[in-house]
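Record features (Swiss-Prot):
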- GLY116, THR117, LYS118, GLY119, LYS120, THR121, THR122: ATP binding site (BINDING)
- LYS231: N6-carboxylysine (MOD_RES)
Amino acid sequence: MNISLNTCILILKEHHLLKSSAVQDTVQTIMEAVSYDSRDVQNNSLFFCKGAGFRPTYLTMAKENGAIAYVAEQPYPEGTGMHALIVRNVSKAMALLSAAFYSFPQDDLFLVGFTGTKGKTTSAYFLKGMLDQLNGGRTALLSSVDNILGPAPEDTFKSSLTTPESLDLFRDMRRAVDNGMTHMVMEVSSQAYKKSRVFGLTYDLGFFLNISPDHIGVNEHPNFEDYLHCKLQLLVNSRKCIINAETDRFADVYAAATTTTNPDSIYLFARDGFENPDLKKPIDFRYKSVETDLAETKFTLTTASSKAHKLPISGEYTLQMIGDFNETNATGAIIGAGLAGMSYEDCAKGIRHVTIPGRMETVTTQKHGLIVVDYAHNKASMLALMRFMRREFTTPRVIVVVGAPGDKGISRRPGFSESLTAEADKAYLTTDDPGFENAQDICEEIDAGIDHSKCETVIELDREKAIKEAISEAGPDDVVLLCGKGADAFQKIRGVDTPYAGDIVIARQVIQELEK
């Protein structure tokens, strides 16, 4: 892979990003690597000066390590002697130039994006499971749990961001294409659009699942409207759109989709019986629960419009994942599979055995009730999880172990307090990626918003100890919910990923000790 300085200049001019350029010798200079991390720079590299924490010393280090050109929003004396491309927006420039450097791998992939406050990961895994039936296992995945870029073990690895930085994204796409992948399913976060990580990408299918206040704070979105605006950009940049008609702010969501997509290519779905008098458009697909228990979920999907009838996906589906809320996630994914050319038979077969690390994983016990590990990490997902458990159990005592991350998602904390007050009998407030904040302060902030006449609380910062205490006190008819971390095998503490056994591993160890 390589890119010439001349090509960079032409691309930046085409998108009206180039403010000025300083070419040292010839525009035909070839760069053989690209990087935004000075520690990873190789000889003949193009270096991007980006990020709120960028320091000129990083450019000095990049130059010493072999960078011959840099892209930045202002010139730096540290770059003297290097080719300089000064741009209006370095994040957008990095996305465009990275795509070109990796020879536009998106053009060789059927590209699918999911956005929403909750359900992105589950929906993405459901769709991958089905598409693998279509293409023989050649579906790449970029999610907040795992990235899967090929069939070999080394092609599957833990993700660090829901949506990678643009340079990493296009590198991953190129790797997927070179590995024979034909489809890519990815979660698209609001930050991906706010920080231009997916700038220039057009998706074959774009999904909008739901929206509720989240990711609002100093380091994220200044307010809900900014959060919503960034979420909506996926629909603006998709050829076909699939929308949950039950979402809040539906009128805004649908309007965003129609700015670039013909209504004939916009598909709506909702639960059977859902009616919204303000909904001016017909719902295309309906789904209805058949049977939900603590082993599997069954539901039916029916077509309800002329364009929906063209997709042969109606029928009964079985999920190995519990939770009636997963019917919503599955329905959207099935519609996507139908639009990708799949039939009911292949969809039903592909989705039936999908499981997701850290999503609705259960541990059954003899004397300590049901233990559930789930990534539920905001008010909406917490409420959905606890309410499902109360419907499934006659008179359960719901015990929750949960914390809130530091340095981000500050707006989630009141939501935790409200959901625990509404549905939990007892909550163990504990550590969950505190970052540079004090975990005790985070827990006390959540605790201050809880009505203790409805929900008893204990603050135990040692997450492993909190899990052990919660399980130990649970009776045979109780439910213990371990929320927020899912399958994470680390705690983010003061900039370091500190090893952590994982909620499901700890839960199994505790039960083994208690019931041996």
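Quick reminder: no glycine exception, Cβ is built from N, Cα and C everywhere.
Feature annotations (Swiss-Prot) mapped to structure.
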residue	record	DSSP (3 states)
GLY116	ATP binding site	coil
THR121	ATP binding site	helix
LYS231	N6-carboxylysine	helix
The residue listed as 'N6-carboxylysine' versus THR121 (ATP binding site) - Cα distance in angstrom: 15
Shell of the ATP site beyond GLY116, THR117, LYS118, GLY119, LYS120, THR121, THR122, same chain only (C-beta within 8 angstroms of their C-beta centre): PHE114, SER123, GLU187, LEU209, ASN210, ASN329, SER381
Cα-Cα distance linking the residue listed as 'N6-carboxylysine' and GLY116 (ATP binding site), given in Å to the nearest integer: 7
Nearest-integer angstrom distance between the alpha carbons (Cα) of LYS120 (ATP binding site) and LYS231 (N6-carboxylysine): 12
Candidates LYS118, LYS120, LYS231: member of the recorded positions with the richest Cβ shell (10 Å): LYS231
Least buried by Cβ count (within 10 Å) of the binding-site residues THR117, THR122: THR117
Other CB atoms, at most 10 A from the CB of THR121 (ATP binding site): 23
C-beta crowding around GLY119 (ATP binding site), within 10 angstroms: 27
